[in-house]
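These notes concern the structure reproduced below.
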Amino acid sequence: MKIKLIPGDSAGTVTAFYMNSNTDTIRDELDFEFLGNRTGQPYTVQTNIYARGKGNREQRVNLWFDPAADFHTYTILWNHRHIVFYVDDVPVRVYKNNEAKGIPFPKLQPMGVYSTLWEADNWATRGGLEKIDWSKAPFYAYYKDFDIEGCPVPGPSNCASNPSNWWEGTTYQSLSPLQARKYKWVRMNHMIYDYCTDKSRFPVTPPECVAGF
């Protein structure tokens, strides 16, 4: 999806582009959440992954450009090997399939694609310190050129066995050397929060963090 985010003072808003299985307690979900900002501050993108009902896997990256000035492409690659979130052609999040180590991975349920724009000023901007300025309303985000390729429902159970699914091919089972360098650059220079290193929330490091992304 190409998205242009809310310009100006967007503090307290969340613009979301995500996938969801809509299965309540066992839901799978893959989230792009764009956290609004006060004018002049960087826009933050939060990613989160739910697998078999368990989420709380937030990572946050400050975008290195103004995402309200023009459209940029936000992509989710979801196959049986890993999940990759891209901003333009830059990987910002990788979640590997570590089922062999007993870690849930979303592959058993189909998911729909959704987008929302909502008020979340109790947490979205500086942990809830910055509230929505309703005098700036209405708030608009813009979307265009949506594209999707995937298995039709019922989906996942027979998805990997279809040789025509390009996204399961060797090229897409791991990051290329160039993608790996870009991913390292993002994590070193633009990541501002990683649940894996948040000892206040997780005194014991989550198993997928130990297993490696």
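Any Cβ shown, glycine's included, is placed from N, Cα and C.
Other Cβ atoms within 10 Å of the Cβ of E29 (active site, nucleophile), summed over all protein chains shown, number 19. Summarising the annotation, TrEMBL assigns active site, nucleophile to E29.
Residues or ranges marked as active site, proton donor by TrEMBL: E33.
The domain 'GH16' annotation in TrEMBL covers 1-143. In the domain 'GH16' (1-143), the DSSP tally of helix, strand and coil residues is 12 helix, 61 strand, 70 coil.
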